[in-house]
Structure formats: structure tokens, C-alpha cells
Amino acid sequence: MVLGNQTSLNVADISNFILPITMTVSALGIIGNGLVIWFLSFKIRRNSSTVYILNLAVADLCFLLVFTTLNIISLALKVEIPLVDKLEYLDFISTLYPLILTCLFGYNTSLCLLTAISVERSLSVLFPIWYHCNRPRHLSSVVCISIWTMSCLLTILEFCYCYKPEYISIYTKLNTAVKECNIVFTIICCISYIAFIPLMTISSFVLLIKVCASSQQKQPPKLYIVITVTVIFFLVFGMPMRIFLLVWYKQHIFPPLIILNILSLFSSMNCSINPFVYFLVGRQGRSSGRLNLVIILQRVFRDDGIQLWRQQKKETPKSETMI
């Protein structure tokens, strides 16, 4: 009996230790993403890459602001969020659903934006001349608008059929998901694990090969390094929460509180780490002494694909002449 109490006490101590770390990471992420949004909006000239990065920073900031609000409420009221396994808190949780909806919205948008920028950069690496000759001028803006719209619709669908109070009551009583949530589960699995995540992973692998090949000859484009590292961090820190949500939609099995706290910390790290990746990668290379943030971001997000295209365009006539 003493051993059981001691174990539960240790778990509670660990959970209480993780929450302040999560909130600190979230606060740093809010500051970092806020600075990225400010500089990309007003200080740095726009190009195809900065449009995606700006929208990604907005999505991450949206997630972190709402996520921090939920953590503050959890800390202030000393309750677990979400408390979907406790009917006595159902009315209270229903008031938090708009915040949970916003978190889902930011998460889904980040996934789609990372996939879009990875695919576009990999196309610029594989087919640089075709890409820069045929790419529509406002493609980035059109893709971002489409992603925000699709993410909004997907999030509303996910929220309406898997988070409604009446559905959660059914989950709790039957310990299983209703038919509508099973359909949503199938749709999300198809979109996430058949479309977006494989595309993002393959595209990042192409960029990784490009980075490794370039590093043997000259310094690789910093943007390719940033995208590759960002995708890796997303797969490590962002995917566990999505996997947990999918398991919950299907089986309605809730993990222990400590697992939830770890997943929350991972999600916070996923949305907070990108600005620091930009900063660290931007400082690499020559003349990396004292540089302000504007110069660092400019070094990261300049369009190196155009330089690659011009270089290959110059080399093409030479090869044809030799033939």
C-alpha cells in the first residue's frame, strides 16, 4: 500500500515538474515565432520560401498561444485537460472546446505547410530549370490560402464528430467510438499517413541528399538544411500527439497523466523549435560573428534555388557544345 502511494506520488511529482518546462518552452516559442512573423512581414523581402515560413510561424504561434492558455487554466484550476473520462467535468470541458479546436487547427495547418514547402523545394532541386520556368508567380500564396481553408474544414470535421459532448458521453459509456468518428478517423489517416507525411518525408530525404552532396563541394543552401531539420523535428515531436489522438478516436483509450504531459511537452517543442533552427543555421558559415536577426534570417531564406537554376542554365550550353 505504501509502495502504491509512493509510486503515485512520484508520478504526480514528475507531472508537476513537466508542466512548468512545457510552459517555459511555449513562452520561448511564442517569442521566437512572434519575432519571425515581425521580421518576415516588415523587414525582409518576400520570396516563395518566406511566404511558407511566415504562414508556418503564424500556425505555430496560434497553437502555442491557445496551448499555453489551456495549461494556465489547468494549473489554476488543478484539473486535467481534457478531462473527457470524467463526466462530472463534462460541462466545464465543453467551454474549452473552442480552444481545443484552435489547437487542432494550428497543428493540422503546420503539417500541411511543412509538406508544401518540402515538396516545392524538392522539385526545385530535382527539376530546377523546369521549376523556375513554369512555376506560377503567386503559387506560394495560393497554396497557403488553400491549406488554411482545407485545414479549417478538416479541423471542423474532426471537432464536430469526435469532440461533441454527446459523443464523448457515448465514448465514456461504451468505451468505443461512434460511427461518425470512425469515418473521420479513416479520412485523417488517409490524409496524414497516405498523402502528407509520406510526401513530406520523401521530399525531405531528397533535400537531405542534396545537402550531403553539396557539403562535399561547397556550403549547401541553408534553406534546405532548415527544411530538413524542421521536418525531422516534426516527425519526432509532432507525430506522437497525432498518433495519440488517432488511437483515442478509434478506441477511446486514455493514457496515464504523465504520458499526456510528455506528449504536451513534445507538441510544445515541435511548435517552438523552428525559430531557433533558423537562428542557428543562419549563423553558420563565413562572417558569422555578430549578426543581427534580420541578416541571419536573410541568409536562411534567400532563394538559393534561383542561383542553382542560373548555374545549371550556364552549364547546359557548355555540355551541348562539347557533345
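Residue numbers in this text run from 1 along the chain shown.
Every residue, even glycine, has its Cβ placed from backbone N, Cα and C.
Summarising model confidence by region, the domain 'G-protein coupled receptors family 1 profile' (32-278) averages a pLDDT of 82. As annotated by TrEMBL, domain 'G-protein coupled receptors family 1 profile' applies to 32-278.
Here the transmembrane segment (17-40) has Cβ contacts under 8 Å with residues 46, 50, 53-54, 57-58, 60-61, 64-65, 67-68, 71-72, 74-75, 258, 261-262, 264-265, 268-269, 271-276, 278, 293-294, 297, 301 of the same chain, all six or more residues outside its ends. The feature transmembrane segment is assigned by TrEMBL to 17-40 (among others).
Taken from TrEMBL, the feature transmembrane segment covers 52-76 (among others). Long-range contacts of the transmembrane segment (52-76) within the same chain: residues 19, 22-23, 26-27, 29-30, 33-34, 36-37, 40-41, 96, 99-100, 102-103, 105-107, 109-110, 113-114, 116-117, 120, 140, 143-144, 147-148, 264, 267-268, 271-272, 274-275, 278, 301, each at least 6 residues beyond the stretch ends and with a Cβ under 8 Å from a Cβ of the stretch.
Under 8 Å from some Cβ of the transmembrane segment (96-117) lie the Cβ atoms of residues 49, 52-53, 55-56, 59-60, 62-64, 66-67, 69-70, 73, 81-82, 143-144, 147-148, 150-152, 154-156, 158-159, 163, 192, 196-197, 199-200, 203, 227, 230-231, 234, 238, 241-242, 267, 270-271, all in the same chain and six or more residues away from its ends. For 96-117 (among others), the entry in TrEMBL reads transmembrane segment.
Residues or ranges marked as transmembrane segment by TrEMBL: 138-157 (among others).
A Cβ distance under 8 Å defines the sequence-distant neighbours of the transmembrane segment (183-211), meaning residues of its chain 6+ beyond its ends; these are 111-112, 114-115, 118-119, 121-122, 125-126, 154, 157-158, 161-162, 177, 220-221, 224-225, 227-228, 231-232, 234-235, 239, 242, 246, 249-250. What TrEMBL records for 183-211 (among others) is transmembrane segment.
Annotation source TrEMBL lists transmembrane segment at 223-245 (among others). Long-range Cβ contacts of the transmembrane segment (223-245) within its own chain (Cβ-Cβ under 8 Å, at least 6 residues beyond either end) map to 49, 107, 110-111, 114, 117-118, 121, 125, 192, 197, 200-201, 204, 207-208, 210-211, 214, 255, 263-264, 266-267, 269-271, 273-274, 277-278, 281, 300-304.
As annotated by TrEMBL, transmembrane segment applies to 257-281 (among others).
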* **Long-range Cβ neighbours of the transmembrane segment (257-281) (under 8 Å; 6 or more residues past either end)** => 11, 14-15, 18-19, 21-22, 25-26, 28-30, 32-33, 35-36, 53, 56-57, 60-61, 63-64, 67, 71, 80, 106-107, 110, 222, 225-226, 229-230, 233-234, 236-238, 240-241, 244, 293, 296-297, 300
